[in-house]
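Quick one: the structure is below, and I'll ask about it shortly.
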């Protein structure tokens with residue numbers, strides 16, 4: 001138990017009468033790249049939404065770093081060191097790319113409602129955040145659009161912007177919903193290298209939902225497979241590669 | 001393509017901004033001294049007063065994405081606060097403004113609570129109820145508010161003796177009022193600019209564009225919305241107090257639903273994305289409310305009809321539709337586009353950003369030091 005960073009314990013989420021998650025349990029250890037896989041509708045994104053407090057589980061418990069996440073609200077997670085990206089991007093179209101990234105650093109900011117009325121504290125605080133956000137965009141190779149609004153930028157660019165938005169808060173746990181979705185082949189490899197570097201160099205723990213099987217198996221330390229909202233199998237990529245349950249879930253039972 | 005390009009934050013840019021800013025300030029100071037007519041000075045003063053109300057509505061609607069049809073009530077709370085404290089308790093005019101602010105902060109926060117659950121058309125309906133309720137409330141407590149007879153203060157606000165405007169000319173007192181109102185309004189614009197550019201302003205923008213994403217990024221959506229409502233109402237309350245400083249008479253009919261609708265139309269016409277849209281917005285507002293209304297009443301077609309003034313409502317509706325289709329960003333956006341044809345301000349990378357290059361993910365040779 002010493003190194004368990006995130007644990008789901010019998011988590012059930014119901015939408016109306018349908019159980020999107022049915023007593024799902026798994027554990028992500030600190031310093032791992034973990035992946036949630038499964039066919040469409042298996043409950044992967046619902047599990048993400050339960051962790052990031054966007055849906056309320058009917059039963060079960062979710063712990064992060066010893067804290068009961070279900071007692072906190074979505075906005076508190078960023079301050080605890082959890083950041084996430086979304087399958088269909090969570091960005092703000094009317095704000096510039098740079099501002100989008102800066103919103104990711106919101107939880108670390110100190111300027112409150114009263115101090116925001118004065119100019120100086122905000123200017124001082126934003127100076128550093130703006131510079132860090134720009135450096136992050138530069139690193140992702142998208143600083144040329146830093147001052148453009150997100151509206152109308154290509155999907156691949158926005159994916160990087162969103163990753164920068166998540167990373168600016170310097171999270172301990174990074175949740176990535178289909179990070180490779182919509183990326184070109186070369187970009188997928190580059191993304192894999194980036195994620196491993198985050199794990200190794202920044203001591204970050206990653207949990208991803210991903211359909212790109214080669215990508216998942218290539219970078220994950222631990223893989224959890226879901227099917228119809230239930231735990232199917234879990235283990236290292238090597239253990240899962242030939243798992244008959246997994247083959248069955250994806251391809252169906254042989255006739 | 002722009003004829004000139006200027007780097008943002010460069011010496012040229014700073015000088016240009018200072019120069020134009022001082023020019024605008026000088027213009028506003030000299031303005032009443034150049035016009036000999038009391039009526040015109042009062043029109044300009046009204047524009048300044050209403051620009052503060054529109055500015056406040058812009059913080060809420062333009063910057064935080066919450067609609068309010070209840071702002072007439074907040075302007076009314078500010079106006080009645082000032083007139084009651086001045087007429088019945090002998091307060092100096094300017095000293096009543098903080099009281100208006102506090103009352104409207106509370107009232108705004110309360111009205112903002114429904115916004116935590118509902119938005120769009122439903123929020124408009126709830127806030128509309130506030131606007132409808134206010135004149136009724138005023139008439140319920142005639143001993144405080146004067147009820148349907150209105151309320152007046154015996155003495156106008158007077159400038160201190162050292163002030164340079166001669167109070168014994170016809171334009172003296174309105175000019176004094178103009179200056180007092182202008183200073184307060186300038187302060188309000190400064191505060192609005194500070195809010196919008198701060199971390200809180202960014203949170204408001206994020207709540208406006210995608211509230212769920214904002215929450216997932218660590219923005220506490222509920223307090224941000226309540227703050228936007230409260231501050232917005234406070235701005236409207238200050239506008240109400242300023243209106244009383246200009247003319248120390250208040251009646252319930254001035255703070256009806258029409259005022260709310262006109263404020264919203266003015267906001268959209270002026271442009272809600274920038275705080276400066278409140279100025280063209282206020283010009284549109286006052287022109288609609290005074291000149292067009294007077295003109296409509298003078299029309300033979302409508303003369304003798306008690307609802308002759310309704311034509312202003314029809315015209316503002318048409319104006320709204322025209323703006324939404326032709327210039328959705330409002331006058332201020334149109335001006336910005338014109339400006340960009342002449343001079344392009346090129347944004348620069350933030351100062352010292354290269355210092356943080358090594359703090360980005362994979363350029364770190366060793367695990368990064370956590371800064372928190």
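Here the Cβ of each residue, glycine as well, is placed from N, Cα and C on the backbone.
Unlike curated records, TrEMBL annotations are generated automatically.
Annotation source TrEMBL lists transmembrane segment at B:20-38, B:44-62, B:69-87, B:93-113, B:120-138, B:177-196, B:226-245, B:257-288, B:308-332.
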Among B:93-113, B:226-245, B:257-288, point out the range having the most Cβ pairs under 8 angstroms from the transmembrane segment (B:177-196).
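Per the Cβ under 8 Å count, B:226-245.
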What else in the chain is close to the transmembrane segment (B:69-87), if you only count residues 6 or more beyond its ends and a Cβ gap under 8 Å?
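Same-chain contacts beyond the ends: 53, 56-57, 93, 95-97, 99-100, 103-104, 107-108, 111, 124, 127-131, 133-135, 138, 144-145, 151-154, 232-234, 236-241, 243-245, 248-250, 252, 254-261, 263-264.
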For the transmembrane segment (B:226-245) against the transmembrane segment (B:20-38), do we get 3 or more Cβ-Cβ pairs below 8 Å once near-sequence pairs (under 6 apart) are dropped?
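No, the transmembrane segment (B:226-245) does not contact the transmembrane segment (B:20-38).
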Between the transmembrane segment (B:308-332) and the stretches B:20-38, B:44-62, B:93-113, B:120-138, B:257-288, work out which stretch tops the count of Cβ pairs under 8 Å.
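Most contacts with the transmembrane segment (B:308-332): B:257-288.
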Give the nonlocal contacts of the transmembrane segment (B:93-113) in its own chain as ranges (CB under 8 Å, at least six residues past its ends).
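Contacts with the transmembrane segment (B:93-113): 66, 68, 70, 73-74, 77-78, 81-82, 85-86, 126-127, 130, 157, 180, 184, 225-226, 228-234, 236-238, 240-241, 244-245.
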